[in-house]
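Report on one structure; see the data block that follows.
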Amino acid sequence: SHSKHHATYVKGVNDAIAKLEEARANGDHGAIFLHEKNLAFHLGGHVNHTIWWKNLSPHGGDKPTGDLAAAIDDQFGSFDNFRAQFTAAANGLQGSGWAVLGYDTLGDRLLTFQLYDQQANVPLGIIPLLLVDMWEHA
């Protein structure tokens, strides 16, 4: 179920934080880097899935409306052009990851890009708007 899957990431975050605090208290720098990586993975999984659950619709989606529709038409030429680019980002992933539509706050524009695995490797200044889970279990 969705809640069980998501709970695994939340538990992973909490476990990584506890282990990270212990490693810092003991001055174990090698363990600090390992636990920071684990924290990034589980926190990325939590954040990515939180956005994804909100993107899902029980009856499927349709074209966006309002400001988002206007921005897509303006920046991609049409919804069909956006969908083709977004689909290419999703299908072009090597291994596990996510396809993302994000808002670039610095450039004031929409971007499509890929996230690898669960790492929170979102470019600086980007707000993820739409994510598609491309992990093999999805």
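Cβ coordinates come from backbone N, Cα and C, glycine included.
What you are looking at is a predicted structure, and each value in this text was computed from that prediction instead of being measured.
What Swiss-Prot records for this protein:
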- HIS2, HIS49, ASP133, HIS137: Mn(2+) binding site (BINDING)
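ASP133 (Mn(2+) binding site) falls within a strand segment according to DSSP. The Cβ of HIS49 (Mn(2+) binding site) has 20 neighbouring Cβ atoms from other residues within 10 Å, across all protein chains displayed. Under DSSP, HIS49 (Mn(2+) binding site) is assigned to a helix (H, G or I) in the three-state scheme.
ASP133 (Mn(2+) binding site) has a Cβ environment of 17 other Cβ atoms inside 10 Å.
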